Amino acid sequence: MNHTKKCWAVVPAAGVGKRMQADRPKQYLPLAGKTVIEHTLARLLQSGAFQAVAVAISIEDPYWPELDISQHPNVITAPGGKERADSVLSALKALEGKADENDWVLVHDAARPCLTTEDIHLQIDSLKNDTVGGILALSSHDTLKHVDGNCITTTVDRKHIWRALTPQMFKYGMLRDALQQTEGNPAITDEASALELLGFQPKIVEGRPDNIKITRPEDLALAQFYMEQQT
Ligand SMILES: Nc1ccn([C@@H]2O[C@H](COP(=O)(O)OP(=O)(O)OP(=O)(O)O)[C@@H](O)[C@H]2O)c(=O)n1
Ligand SMILES: C[C@](O)(CO)[C@H](O)COP(=O)(O)O
């Protein structure tokens, strides 16, 4: 029996980036001399932490085959799905026969290009002996309000509210089964929510605040700034 758990990366990269209002999906926008996705994949591959990276790409994506990294020997391409969770499940299925049930999988958004090797190894070292796994997350430095419409209903205790980042690190078999059992549930916007729905309590590991998700137009300049600060 293989007692040494390996680590695999899964990158959902099949979104259209509606909120970015760009002429192409945001993972293909230019950033610091490369595309967003090339930065993200380079960060994962250069960390040395992963056996391979399975990337979910939309079947209608004309950009991916143009990138040299699409031919990288440690990059496996899988067809994207309707929702992010479907894309992640598709990429997990592409690792069938390669990943063992208890290997770790770190799921990381293509739209988060500022991830550091430091945070990858912090997460793996923090969770490698855990029974469930967990996510990188950020605490809030602001007062938090619960709002209904545009009215405040209450002030929320900020120590109980954290912002989920990626990577999200779970065991291959457990994550695959959780996503299969919750398939089609619109509440599943990250991997942890699928595990939570099945009664598990994923851990959090405080990550770096520069691990932003490029979501709206103004995020691209912020990502560029953070990348310049990281070099
Ligand atoms: N069906 C989908 C939807 C999203 N994603 C990926 O999931 C990550 C995080 O999702 P999000 O920021 O919501 O990306 P989009 O869905 O592209 O953005 P939008 O909601 O603005 O369209 C992105 O890397 C995106 O490419 C995916 O692989 N498959
Ligand atoms: C998974 C995620 O990055 C955690 O914050 C996020 O939920 C994905 O982006 P979306 O806007 O929710 O699709």
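Cβ coordinates are placed from backbone N, Cα and C, and glycine is handled just like the others.
As written in TrEMBL, here are the features:
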SITE      Arg19  site 'Transition state stabilizer'
SITE      Lys26  site 'Transition state stabilizer'
SITE      Arg158  site 'Positions MEP for the nucleophilic attack'
SITE      Lys213  site 'Positions MEP for the nucleophilic attack'
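Known features from TrEMBL, placed on the structure.
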{"residue": "Arg19", "record": "site 'Transition state stabilizer'", "DSSP (3 states)": "helix"}
{"residue": "Lys26", "record": "site 'Transition state stabilizer'", "DSSP (3 states)": "helix"}
{"residue": "Arg158", "record": "site 'Positions MEP for the nucleophilic attack'", "DSSP (3 states)": "helix"}
{"residue": "Lys213", "record": "site 'Positions MEP for the nucleophilic attack'", "DSSP (3 states)": "coil"}
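Checking the recorded sites Arg19, Lys26, Arg158 against ligand 2, none has a C-beta less than 6 Å from an atom of that molecule. The recorded sites listed here (Lys26, Arg158, Lys213) include Lys26 as those with a Cα within 10 A of the Cα of Arg19 (site 'Transition state stabilizer'). Non-local neighbourhood of Lys26 (site 'Transition state stabilizer'): Gly15, Gly17, Met20, Val36, Ala111, Ile214, Thr215, each in the same chain, at least six residues away, with C-beta under 8 Å from its C-beta. Annotation for Arg158 (site 'Positions MEP for the nucleophilic attack'): spatial neighbours Ser139, Ser140, Asp142, Thr143, Leu144, criterion Cβ-Cβ under 8 Å with sequence separation of six or more. Take the CB of Arg19 (site 'Transition state stabilizer') and look out to 10 A: across all protein chains shown you find 13 other CB atoms.
A sphere of 10 angstroms centred on the C-beta of Lys213 (site 'Positions MEP for the nucleophilic attack') encloses 17 other C-beta atoms.
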